[in-house]
Amino acid sequence: MSTGAFNATDPAAYRGGGVSFGYPQGFTLMDFVPDDVKPLIHSHWSNFPPVNPMWHYMLAGIYVVLGFLSFFGNGVVMYLFLSKKRLRSPANMFVVNLAFSDFMMMLSQFPMFVTNCLSGGYWSLGAFACRVYGFLGTVFGLTSLVTLVAIGYDRYCVIVKAFDGGHISSGKAFVIIVLCWAYSVAVSIWPFFGWNSYIPEGILTSCSFDYLSHDWNVRSFGIFLFVMCYCFPLTIIIFVYSQIVGAIRQHEKALREQAKKMNVENLRSNADAKKQSAEVRIAKVAVANVFLWLLTWTPYAYVVMIDSMDQTKVTPLVSALPALIAKTASVYNPIMFAISHPKFRLALQEAMHGSASTKRRTTTRNPRRRKRRTQNNSLKRKSK
């Protein structure tokens, strides 16, 4: 059967008899793939019929929406950080690094994914592009996660280690960010040196590491990734935030007991109360973001682990949809961390109303210019 010219997203390809649920009867997912692409694809996917071409159009549309939302949200965060000096704190350096990794995640993923969805419904960009796609997706996804770990560590230093001079300096924050990227690259680069490989997955329009083969080379790397990309960061996050919660409870309890001894209602000044409230609020946002990260990435981690144990339970769509859900993290991160942050939100409002505010300030600060403009207008009216 000739497959090189078959386009799974072309409705004309399905006209005539023998069509069932949007694809020809008896076809498998591999029958749509050109011969030069077949060596990249695991034989597991030949056990499934091709997905309805409407799935390719729908997923492409979803990725386009997610891509532009990510570009806008993360782009706004990076612009505000670069344009507003008061936002350039060590803590916000982590937020901006998170925005940058999320921005690059969608930039490196959605154009190629959409191209494959609309050009035939299979990976059509070659073996090297597949490896680059899988590598960059792993690097940027893992960088976002370890940046969340860094944000948790920063909150830990501010709240738990506050009396030990625990605030992170800009230099230390920069070093931590470099380590985040180095960690992600070091974990993700091994398939280029023969430990596992990046191959097409799911509906064959995206690439990831091989989690289907049963040899030790593949399984050992899968275990390595599961530990380094999921278990290890999650363990650190659970530790730092449990310490934060414990420190806040102990501090509040000590303040209440001391206030009771002194027969006063509250020992804190308004300034101290507002400062601590802001720090706690930021920590709560961080916890919420970690929880959302778990909701979005756990399904994909689960699918990968199930695939390594029982391949029959994972169909192309079951593999593709969790990967799509995981990409939504690059959209909600800027909303959760930056837009909900009081200083970022104020800077955004100033940027949106900047031109009007600048015009009002110019008029107010230059009364002579305003007086001269008024006199000129009066002379014009008299001359008429």
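One-based numbering along the chain as shown.
Glycine too: its Cβ is placed from the backbone N, Cα and C atoms.
Residues or ranges marked as compositional bias 'Basic residues' in TrEMBL: 358-384.
Among the features that TrEMBL reports, domain 'G-protein coupled receptors family 1 profile' is placed at 73-337.
Among the features that TrEMBL reports, region 'Disordered' is placed at 351-384.
Away from its own ends, the transmembrane segment (55-82) comes close to residues 8-9, 88, 92, 95-96, 99-100, 102-103, 105-107, 109-111, 113-114, 117-118, 121, 203, 205, 317, 320, 324, 327-328, 330-331, 333-335, 337-339, 344, 347-348, 351 of its chain (Cβ-Cβ under 8 Å, at least six residues beyond either end). Marked as transmembrane segment by TrEMBL: 55-82 (among others).
The transmembrane segment annotation in TrEMBL covers 94-112 (among others).
Residues or ranges marked as transmembrane segment in TrEMBL: 132-153 (among others).
The annotation transmembrane segment is assigned in TrEMBL to 173-193 (among others).
Summarising the annotation, TrEMBL assigns transmembrane segment to 221-241 (among others).
Cβ atoms under 8 Å from those of the transmembrane segment (285-305) belong to residues 141, 144-145, 148, 151-152, 155, 211, 222, 226, 230, 234, 237, 241, 314, 318-319, 321-323, 325-326, 328-329, 332-333, 336-337, 340-341 of the same chain, restricted to positions at least 6 beyond its ends. The annotation transmembrane segment is assigned in TrEMBL to 285-305 (among others).
Per TrEMBL, transmembrane segment is recorded for 317-339 (among others).
Same-chain residues lying 6 or more positions outside the transmembrane segment (132-153) and placing a CB less than 8 Å from one of its CB atoms are 91, 94-95, 97-98, 101-102, 104-105, 108-109, 112, 125, 176-177, 180-181, 183-185, 187-189, 191-192, 198-199, 206-209, 225, 228-229, 233, 236-237, 240-241, 244, 286, 289-290, 293, 297, 326, 329-330, 333, 337. Through the fold, the transmembrane segment (173-193) approaches residues 90-91, 93-94, 97, 131, 134-135, 138-140, 142-143, 146-147, 149-150, 153-154, 209-210, 221, 224-225, 228-229 of its own chain, all at least 6 residues removed from its boundaries and within a Cβ separation under 8 Å.
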